[in-house]
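What follows is a single structure, written as structure tokens, with notes after it.
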Amino acid sequence: MATDQPNIPENPSKNFNEYFRFKLGRDSPSDARNTLLVVTTLIVAVTFQAAINPPGGVWQDDKYSPANCTVVTSDNNCTIIRHAGTSVLYYRMKTSYELFLAVNTLAFCAATNTIVYLLLDSPFQTEVMLCIGSTNAAFAAAVAAVHPPKPFNWGLILAAWFLPYILRLFSNLINRYK
């Protein structure tokens, strides 16, 4: 270690958190920004994948009642119990599914919000905003696709969706009028 940086411990095992914490005089803001972009991009990828394939997976086939039915028509008394491609977790533990979906949506939107703010005023800002918007729409479509065609509390999901953007807006307003 260099001797002109007395605040940095020589051995990271003595104070691990302090050793790796961002220091403005030591670390480049550009490096910190790039690290945040990598981390948030990984979070977006993981949360998007979790939306497409929720815990427990998705049903591979339709299930009908009574069991000998294969299709619902107007002249038989068959009803569909579950749809292929919908979340298994929803049918097994609805509250857990809703909680997972809300937390996953919050993480996804917080990460995309971070990417937006890290890339403001970049040379391809318009293209990046278009990509982020498209990814958000694809995420919403994926959530809707694996959700069974049953009533659902979408208010919780919308709150999780907009919370990072609202918090950033309030933060910017507070900083502007200090």
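Using the three backbone atoms N, Cα and C, a Cβ is placed for every residue, glycine included.
Features reported for this protein in TrEMBL:
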- 31-128: domain 'PGG' (DOMAIN)
- 35-52: transmembrane segment (TRANSMEM)
- 99-120: transmembrane segment (TRANSMEM)
- 127-146: transmembrane segment (TRANSMEM)
- 152-170: transmembrane segment (TRANSMEM)
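When DSSP labels each residue, the domain 'PGG' (31-128) comes out as 56 helix, 9 strand, 33 coil, counted as helix, strand and coil in that order. If one looks beyond the transmembrane segment (152-170) by at least 6 residues along the same chain, the residues whose Cβ comes under 8 Å of a Cβ in the stretch are 98, 101-103, 105-106, 109-110, 113-114, 117, 140, 143.
Over the domain 'PGG' (31-128) the predicted model carries a mean pLDDT of 86.
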